[in-house]
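Everything on this sheet refers to the single structure shown next.
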Amino acid sequence: MKILIAEHYEELCKLSAAIIKEQIQAKKDAVLGLATGSTPVGLYKQLISDYQAGEIDFSKVTTFNLDEYAGLSPSHPQSYNHFMHEHLFQHINMQPDHIHIPQGDNPQLEAACKVYEDLIRQAGGIDVQILGIGANGHIGFNEPGSDFEDRTRVVKLSESTIQANARFFGGDPVLVPRLAISMGIKTIMEFSKHIVLLASGEEKADAIQKMAEGPVTTDVPASILQKHNHVTVIADYKAAQKLKSASFS
């Protein structure tokens, strides 16, 4: 596990964008795993800037998003489908049929999960997987207690995640969906060739310390990343402040 400490959020975004840019320049038909939430927004802004500068061509790139709320249509303003189009896809030259986001509004959620898992497998896995981390150590919607053998599946959101995400729903936790489709931990670990985890802010400091330096435990789902052979953590100073060491290999 390699840990990079960024001086500030803007540097975090530039460092992570550089990894993606290098991957696409090396392999035009790269497969990217993407995340939502506030942390990757700056990364996507940087990628848009690089695209507009002619430094990245997304025309052959394929993407898979980590997760999606159950019960929200793709056009719902708080759906992750809407988020991704607003913050990235509508600003770059992605082919629409190369964009994959779990179908949260599919009445057959279990079947949709299997289809999604199969699509990732058929794509040959994910070259670079972007992850955020929850204050409770979750990755995707794999909450504490999630089995490390889980594949893409329907998950129940924890109360802490519902409260954390309420800010996207006008501050009202009642409006936050209780279920979501998420890549499972096994999916992420097995299919991702390079995992890039982003963390910003002091509210992530405990999770980052436990993820990197604590025991591997389902109580901290992100701790399983210690077992992956190619992980880059990019954290700003506030998120990294509780690490005992910033040098890992």
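Backbone N, Cα and C define each Cβ position, glycine as well.
What Swiss-Prot annotates here:
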{"type": "ACT_SITE", "residues": "D67", "note": "active site, proton acceptor"}
{"type": "ACT_SITE", "residues": "N136", "note": "active site, for ring-opening step"}
{"type": "ACT_SITE", "residues": "H138", "note": "active site, proton acceptor"}
{"type": "ACT_SITE", "residues": "E143", "note": "active site, for ring-opening step"}
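The structure, with features from Swiss-Prot marked on it.
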| residue | record | DSSP class |
| --- | --- | --- |
| D67 | active site, proton acceptor | strand |
| N136 | active site, for ring-opening step | coil |
| E143 | active site, for ring-opening step | coil |
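When other Cβ atoms within 10 Å of the Cβ of N136 (active site, for ring-opening step) are tallied across all protein chains shown, the result is 19. Cα of E143 (active site, for ring-opening step) to Cα of N136 (active site, for ring-opening step): a distance of 8 Å.
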